[in-house]
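The block underneath contains the structure these notes are about, expressed in structure tokens.
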2 protein chains.
Amino acid sequence: MEEIKEIMKSHTLGNPVRLGIMIYLFPRRRAPFSHIQKALDLTPGNLDSHIKVLEKHGFVRTYKVIADRPRTMVEITDYGMEETRKFLSHLKTVIDAIHF
Amino acid sequence: MEEIKEIMKSHTLGNPVRLGIMIYLFPRRRAPFSHIQKALDLTPGNLDSHIKVLEKHGFVRTYKVIADRPRTMVEITDYGMEETRKFLSHLKTVIDAIHF
């Protein structure tokens, strides 16, 4: 029951789009905004608003790089890694306890 | 990636409180409103608003029973069982693919 309560308290990762973004970034550490958008099939506006929430809570940081053209990179922070790890671990405990 | 997208589309279960309620009900099939409230540490108003969303989308149904006093029972529907099973299965696939 404690893990369910922990999951319920995670307002940042409790949103399925933000959870999807963090799961995408987790093994990669960083990705261009446009890659995340295409991979997860999101509109730029929708992705942008969720990235802003994640950035505000310290889960990711963003920065610009200029190669042939400017692009926005999204990078998971150490804090974001740790919070995502904890959230997934709670989810795993809960899921493993259920026969479905 | 498909499983992440499926998770991201689940607006009903994408809310962590509603997911918690469904995980609580899944192995039990039904429970009194007051038991869910205590087990998940929710206010009656908060639980009520989430139960209403779950009921509207056909995941649970509620009914009154009168023993020594009236109580509201919350019961998971067959549709709610199936949707929860699918959602947990997608989550499990995603989590199992990540080293964390």
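All residue numbers here begin at 1 and follow the chain in the order shown.
Cβ atoms here come from the backbone N, Cα and C positions, even for glycine.
So that you can see what the record holds, here are the features copied from TrEMBL:
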type: DOMAIN; residues: A:8-79; note: domain 'HTH arsR-type'
DSSP residue counts for the domain 'HTH arsR-type' (A:8-79), split into helix, strand and coil: 35 helix, 17 strand, 20 coil
Rounded mean pLDDT for the residues that make up the domain 'HTH arsR-type' (A:8-79): 95
